[in-house]
Amino acid sequence: MADKKKRKRTTKDEQEEDRPFKSILESDEAILKLLKSYISSSLTAAGSNGASSSSSSSKPLTLADLSLSSSCREVADLSLSSVQTEIETVIVQIARSILAGDGFSFSVPSRAASNQLYVPELDRIVLKDKSTLRPFASVSSVRKTTITTRILALIHQLCLRNIHVTKRDLFYTDVKLFQDQTQSDAVLDDVSCMLGCTRSSLNVIAAEKGVVVGRLIFSDNGDMIDCTKMGMGGKAIPPNIDRVGDMQSDAMFILLVEKDAAYIRLAEDRFYNRFPCIIVTAKGQPDVATRLFLRKMKMELKLPVLALVDSDPYGLKILSVYGCGSKNMSYDSANLTTPDIKWLGIRPSDLDKYKIPEQCRLPMTEQDIKTGKDMLEEDFVKKNPGWVEELNLMVKTKQKAEIQALSSFGFQYLSEVYLPLKLQQQDWL
């Protein structure tokens, strides 16, 4: 009998060894109490900050409020009639230029890296005001000028008909001219920048990619959607943010997940019922619809956003795109960025802290190391000492790991131990 008890104790000890840190987890009720306290103090701090600045202005800080050394360009949401008017104005100017004997060219805002600026006060990347000429009478730019003209004509048709099309639809209107969708996509961004409007104002959308599940109810084109009843796959994020409204939630936070695999694990385990939250993923690189949807949730629901990404330079890059914007679309960073996203994991320091086995860690390639060092030079990384410390550790150890490395302790270790412990310790940057 004593031997049997001893065997049971040994088995329990072995299980504890296989699932590190499970023994220090507090009850769900205790963790939820800690979370409520954190959210309450955060809201109080935000309220006091807002009150202290309300004497000067009740509006959030914008580019116009800052005295920057460089003039910068930003776009705005425009109505279809306004977009149509802008296109017609551009074409009339070109016609006058041709009639005056000055030729045919577009003045296109430069989206080169040298024309980008990180603004610490806004914590996002913006586009400076430099433009380049795209003349038709030049061998190097004649084709791109033709593509620009074609895209403007197609957008004008969409405005007249008041319909939406996907970027793929746009490409297939003239495959021989565009040759590759990346070329029509790039010019589409140029056109958006030229006209001074957001890309969604052009009525061109990307195919559905991101998904959301958890404690969120919203209307999608008039239909009420309950994201707790969407099954394991969740609800596809609508490509047109204008269709989304009436957001309601009893969640305590938003969990932004990089990978589809981690999202599925959390959705199947119904993590959002154990710890009330909204789980969202773009399944890799952030798309415009997911970025717009995340910002809308953050601004309307006033919830903290916690990010779960791979422990590699690209995971942090993805996090920075959500938070500070991408250089490719810096002209629309005001609408696409979500402020104050916290880096929950997986962080380089977690590899040793959570005893991730060596066989689950991957050696960083030379390109990985270069990307990591390049990120250390970015202003938006330098602003956060915690990020700098973690990136330096990553580059020094030359090790990376995916979220799935936690599965070495059990397929449900992510939802049953790692995330609850992170929430308990409020371990985020």
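In case you wondered, yes, glycine gets a Cβ from its N, Cα and C as well.
Per TrEMBL, the feature Mg(2+) binding site maps to Glu258, Asp310. As annotated by TrEMBL, compositional bias 'Basic residues' applies to 1-10. Residues annotated as domain 'Spo11/DNA topoisomerase VI subunit A N-terminal' in TrEMBL: 143-204. For 208-244, the entry in TrEMBL reads domain 'Type II DNA topoisomerase VI subunit A all-beta'. According to TrEMBL, the domain 'Topoisomerase 6 subunit A/Spo11 TOPRIM' annotation covers 253-423. Under the heading region 'Disordered', TrEMBL lists 1-21.
Confidence for the domain 'Topoisomerase 6 subunit A/Spo11 TOPRIM' (253-423), expressed as mean pLDDT, is 93.
By neighbour count, meaning other C-beta atoms within 10 Å, the densest spot among the binding-site residues Glu258, Asp310 is Glu258. For the domain 'Type II DNA topoisomerase VI subunit A all-beta' (208-244), the DSSP counts in helix, strand and coil order read 3 helix, 15 strand, 19 coil.
The helix, strand and coil residue counts that DSSP assigns across the domain 'Spo11/DNA topoisomerase VI subunit A N-terminal' (143-204) are 48 helix, 4 strand, 10 coil.
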